[in-house]
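Report on the following structure.
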Amino acid sequence: MKWFAIVTWLGCAVALQPLSLPDRHVLFDRSVVPDGWIQRGIAHPSKLVNLTIALRQHNLDVLEKTFWDVSTPGNPQYGKFLSQDDISKIITPPEEHRAQVIDWVKSHGITEISSLSDAVHFETHVEVAEKLLQAHFYEFASPGKRTISRVMGEYSVPIQFRELIEMISGVSDFPQHRLNRRRWRPEGKPYKVGAVIPQTLMNMYSIPPNITVKNGISQGVIEFGSAEQSFSPETLKMFSEFIESEIKEVEKDHIRGPFNPETPGGECTLDIEYMGALAPKAENWYWDDENWLYDFTVQFFNSKKVPNVISISYGWSETDQCRLSPNCQSLGIDSETYVKRINVEFQKIGLRGVTILAASGDSGANGRTDGECYDEKLHPAFPGSSPYLTSVGATRVNNPVFARERDLDSKRMRNACEKDRGYQCVLSGDEQAATYEESGFTSGGGFSEYAKRPKYQEEFVKTYLQNSELPPKTYFNTEGRGYPDISALGDSILVIFEGEIQLVGGTSASSPEIAGIVTLINDYLVSKGKPMIGFLNPLLYKMAKEHPKAFHDITVGDNKCTEGGCASFCQGFKCEIGWDPVTGLGSPNFKEILKYLESVQ
């Protein structure tokens, strides 16, 4: 999984004296430069900056009720998704509030303004932004030579907007860095365990080998790389031919945000290859945002055409979304406020009928921010811990049955799976949780610190808490949302990258795999004249209760270790019969899922 490396640098940056006045409300005062960025000097006055003002939303109780109504099987409103306009009408602040903010922006000569119901977006020059926010912009550079203009010191808004404006992006927020790790198997392990190929997933999850999407269902991978890493269309075509599958090329109008095929990344390549391989002929999307979740969710919701299913393979500690000061590193708010705002944005997207999948993390229950298990607290990962999306954990194959030549559908796969390559391809086997000892990473899971446990999983989580060996109760929120919800194979995944066969792993493999399977389910539903799933979890848990055969229960493994190793004092959770905060409900049985859906229609 792609996890952000954010480390506090204690050095102070040079900034001019604060400009705060009695009639101004300071949103944030940045005194340090985030790790990985270098301050170059004062920003040129003519440099353009993009700013988004997040207005304080209204009627959030109505929004959430509506979200659960359309997402819960058995509710009269189930599957009756809303339009963008109808959703916006629920949460849009009073028109006079928005008008006041827009008039303030216009008073500085800014004329091209996008009003996004609960946000205001515009582009302007640095010299104008400095007057607007009473701030000083500087140039910063990243190791990848990317340069941005951001504020050092404080920035503020007129005091009368204190209750109208929640936060502003593009001012003090720095794009998050990700840790680009291709998770190689330890020496000798690939041959012993074997390579997972698309045929492995189809065999183990009972997906018909020649299945294709026939009803124009779309799916997308979400990246946060600013074109520093993209995918290569040529490599995607090569992989499609290699496995003799009909992975549709990503059309130009399905690529959003920065994109540079000349700088492909292994992780982005993994995402697009396996999402496409699990749902042949689906409409594929690639969406990259320069910043982080708020900017992405705002732009996604306000786009008229979006994919039906999306997979996010990024995350960071829920309680460390804002790390460099008591206020939020990025936006002048604390982590809880930021997480709750994003959860509202997820509800808005879900109300449009979009299914969101997110990887649960690669560093167990302790998380990447505590790789050596020193904290007396576990660290849930966000967005995987959000109750408004489906969180995906990772499994590995135990006791593998290796494919023989006649078992492989593709001549190219037969060549790829010869023994002299150092590994064999897996046809089937048992599943267990991905752990550091065997996989080199540990599937993430646990309980949200900020989100209470949703009704759809209450019975399952209570059973686990009552019957399992647990860490000390002071280590986690016993009332929080438990995650992940489901899992899929995430170890020793065979990809083609830079013209070579490589084996990689992580929950960043599992999430796009499940996205492809959800696309197949949507295709089935549409073929029966039914609406697509939208938010998956209420159906997922209802199905687990009424038709347990829809899941392969994973009962072996735990998430006490991290991606860096394991100590005897590391805390975490164990796999159990039924749901657990390691692999969720288990991995999918596609055949049984369709059987259940047919029985309840």
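Cβ coordinates come from backbone N, Cα and C, glycine included.
According to TrEMBL, the features are:
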type: SIGNAL; residues: 1-15; note: signal peptide
type: DOMAIN; residues: 195-600; note: domain 'Peptidase S53'
type: ACT_SITE; residues: Glu267; note: active site, charge relay system
type: ACT_SITE; residues: Asp271; note: active site, charge relay system
type: ACT_SITE; residues: Ser508; note: active site, charge relay system
type: BINDING; residues: Asp553, Ile554, Gly578, Asp580; note: Ca(2+) binding site
Statement: Closest by Cα to Ser508 (active site, charge relay system), out of the recorded positions Glu267, Asp553, Asp580, is Glu267
Field: Cα-to-Cα gap, Asp271 (active site, charge relay system) vs Ile554 (Ca(2+) binding site), nearest whole Å
entry: 24
Statement: Across every protein chain in view, the count of C-beta atoms other than its own within 10 A of the C-beta of Gly578 (Ca(2+) binding site) is 21
Statement: CB neighbours within 10 A of Glu267 (active site, charge relay system), counting all protein chains shown, number 28
- request: Give me the non-local Cβ neighbours of Ile554 (Ca(2+) binding site): same chain, 6+ apart in sequence, Cβ-Cβ under 8 Å, ordered along the sequence.
  value: Thr395, Glu431, Gln432, Ala433, Ser487, Cys575, Asp580, Val582, Thr583, Gly586, Ser587
- request: Determine, to the nearest whole angstrom, how far the Cα atom of Glu267 (active site, charge relay system) is from the Cα atom of Gly578 (Ca(2+) binding site).
  value: 31
Message: I want to verify one value. Collapsing DSSP to three states, which class is Asp580 (Ca(2+) binding site)?
response: strand
- prompt: Near the Ca(2+) site, what residues other than Asp553, Ile554, Gly578, Asp580 in the same chain have a C-beta no further than 8 Å from the centroid of the listed C-beta atoms?
  reply: Phe551, Thr555, Cys575, Glu576, Ile577, Trp579, Val582, Thr583, Gly584, Leu585, Gly586
